[in-house]
Amino acid sequence: MASTRIFSMFNRNMSVRESFHESKYYLFSLMTWIPAVIFFNGNVGEVTWINGPSMYPYLNTSYNEDLKKDVCWISKWNPTRNLERGMLVSFQSPTNPEKLAVKRVIALEGDTVYTRAPCPIPTVQVPVNHVWVEGDNRDRSQDSNSYGPLPKNLIQGKLTYVLWPWKSSGPINWAQFKGKTRVLRGRRQDAPNWD
Amino acid sequence: MPPLSRFLLPFSYAKERYAGHPLRLSIAALKTIFVFHVFWQYGYAIAPLEGPSMLPTFEVKGDSVIISRYYRRGRNVKVGDVVQFDSVVEPGEGVIKRVLGLQGDYVMRDTPGSTDSMIQVPDGHCWVIGDNLPWSRDSRHFGPMPMGLIKGKVIAKVLPWSERKWIENGLQPIEKQ
């Protein structure tokens, strides 16, 4: 029992060896749950701290005032299914594969996007199985304008809840997002392909 | 030499612990599945291959390989390695190709013989090519590939068992004569 384990240090009559053996057993049975936790974090959902200003002012609203980071819930079950314009997604950054990036989906396959500064061409049609992602902070974000359309298979989660700070916590209403980037909606069948 | 019954102790312990305890048994089975899942995702995996794109190295059908997940996201991948990655074009499909260039390298953009234009691979990307050039959809079509898509490196061929071998980096530096 856990209580026996805790109080054994005060109990003069209980042998040390017995309680040590017992705590070893509890430690082992706790460790057998580690693979389950790894599975959960990789396939069901995970809590993540948001770094940097690229999604300001939607996330890290107090970026200019303090060093606090927003805490978000990433849902990882079937992340590439039912992607919509305006959703927040997390993925391994194409320019630095060890870094996790959070951006907003601006356009889906088949759409035509009017690009911004670092992009060398004025309009891009998003190819099959790709999305166009941008940060909300248009001046301080490295996004599809610098690395091009993002392969869908790189996306590993959708941001569904803000957990902290308390003021902005709650589900993320991605449908209410009104972007400044001009997008001409297209059909998936018309998207560029490589057959 | 201990008596034989000593070796049977774990079995009698398991019987005592799990027989007649369906909840305990199912939780233990679930935890075992998770252990194997984690090994499969972060350790090693065996995968059957299909398709003509790697032809002299792997057959069209019937070959199986061991994939080491240590190299996921392109860690320590070198030019000449055979890597497995999530397809850029097809959703949820795994592909195997050979790495021809890493970030900063200059590679030929098209099939040798058509044009001579070169391209520099951007940061965090790599250039992947199938061994069977006419029958491969690779970086010549979809451009540089983000390293984050790489799920592992092919280290050995196991099936068919008579053709088992380690897959080694075929590129060796030329000795000056």
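Heads up, the Cβ atoms here are built off N, Cα and C, so glycines get one too.
Cβ neighbours within 10 Å of A:SER54 (active site), excluding its own Cβ and spanning all shown chains: 23. The active site annotation in TrEMBL covers A:SER54 (among others).
All chains included, 26 other C-beta atoms sit within 10 angstroms of the C-beta of A:LYS103 (active site). The active site annotation in TrEMBL covers A:LYS103 (among others).
Annotated domain 'Peptidase S26' per TrEMBL: A:30-115 (among others), in sequence order.
Residue counts of the domain 'Peptidase S26' (A:124-164) by helix, strand and coil are 7 helix, 19 strand, 15 coil (DSSP-based). The domain 'Peptidase S26' feature in TrEMBL is assigned to A:124-164 (among others).
Under 8 Å from some Cβ of the domain 'Peptidase S26' (A:124-164) lie the Cβ atoms of residues 45-47, 53-59, 70-76, 79-80, 83, 87-95, 102-113, 115-118, 170-172, 179-181, 183, 186, 188, 191-194, all in the same chain and six or more residues away from its ends. You'll find the Cα of A:LYS103 (active site) roughly 8 Å from the Cα of A:SER54 (active site). Across the range of the domain 'Peptidase S26' (A:30-115), the DSSP-based residue counts are 12 helix, 26 strand, 48 coil.
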